[in-house]
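Chemist: Got a structure for you, questions after.
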Amino acid sequence: MSADRHYSPIDRFLLQADSALRTLLPFSGQPARPSPAIVEPDGELSEEDTRHIAGLMRINHTGEVCAQALYQGQSLTAKLPEVREAMEEAAEEEIDHLAWCEQRIRQLGSRPSVLNPIFYGLSFGVGAAAGLVSDRVSLGFVAATEDQVCKHLDEHLAQIPQEDRKSRAILEQMRIDEEQHSSNALAAGGLRFPAPVKLGMSLLAKVMTKSTYRI
């Protein structure tokens, strides 16, 4: 998205509404990259493993819903045009993850969390509030959030059996992308959050993971 393009408040509202619909409606997010799972064979999974992996992928899908909302909220209140553009571009990249996770959840015979609209609204508000404080805080929040996501992905990869190469391929590529997003945010001047703040974010993230594993 061009940094020199100017939008009216109504334009921005419509763009935000479009983003919310693309994030929350089933099959509405179109990935720019094909899923890494496409080239991987189907592995034989027990019924118990299938349910567990579906729960983990549902958590990851909701995490991507939160990331979309966070970026969109921040882009709405970012002060510098280049920061706003960076947020919008990052949100577009996260669409890939959103679509990949949903595809895999459906393949495992399950569905995304019904709590997604709630978490979208909460994350959008947090992102907008961070942007109102300062661009540096906003970028720092991105870095800290992506660091938390990487930890969750590592935990999930440790639980997913090697036989499920499709799910593992998705999460491995997501981890690469999320780590890059964190590095980009810090390189752009993001504030490095202190450990107590990160701990608080981690505790809040546990609320999301516990609630969306099954519903």
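From the backbone N, Cα and C atoms, a Cβ is placed for every residue, glycine too.
Summarising the annotation, Swiss-Prot assigns Fe cation 1 binding site to Glu64, Glu94, His97, Glu178. Annotated Fe cation 2 binding site per Swiss-Prot: Glu94, Glu146, Glu178, His181, in sequence order, evidence recorded as sequence analysis.
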Chemist: If you count, for each of the binding-site residues His97, His181, the other Cβ atoms lying within 10 Å of its Cβ, which residue has the minimum?
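Modeler: So among His97, His181, the binding-site residues given, the one with the fewest Cβ atoms within 10 Å is His181.
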Chemist: If one measures from the C-alpha of Glu146 (Fe cation 2 binding site) to the C-alpha of Glu64 (Fe cation 1 binding site), what distance in angstrom results, rounded to a whole number?
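Modeler: Spelling it out, the Cα of Glu146 (Fe cation 2 binding site) and the Cα of Glu64 (Fe cation 1 binding site) are 10 Å apart.
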Chemist: List the other residues in this chain whose Cβ sits within 8 Å of the Cβ centroid of the Fe cation 2 site residues Glu94, Glu146, Glu178, His181, in sequence order.
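Modeler: Checked against the 8 Å cutoff, the neighbours are Ala67, Ala90, Glu93, His97, Val142, Thr145, Val149, Asp177, Glu179, Gln180, Ser182.
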Chemist: Translate the DSSP assignment of His181 (Fe cation 2 binding site) into the three-state scheme.
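Modeler: The residue in question, His181 (Fe cation 2 binding site), is helix (DSSP, three-state).
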Chemist: State the Cα to Cα distance, in Å, between Glu64 (Fe cation 1 binding site) and His181 (Fe cation 2 binding site), rounded to an integer.
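Modeler: Computed Cα spacing between Glu64 (Fe cation 1 binding site) and His181 (Fe cation 2 binding site) is 13 Å.
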Chemist: So if I draw a 10 Å sphere around the Cβ of Glu94 (Fe cation 1 binding site), how many other Cβ atoms end up inside it?
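Modeler: So the number of other Cβ atoms within 10 Å of Glu94 (Fe cation 1 binding site) is 24.
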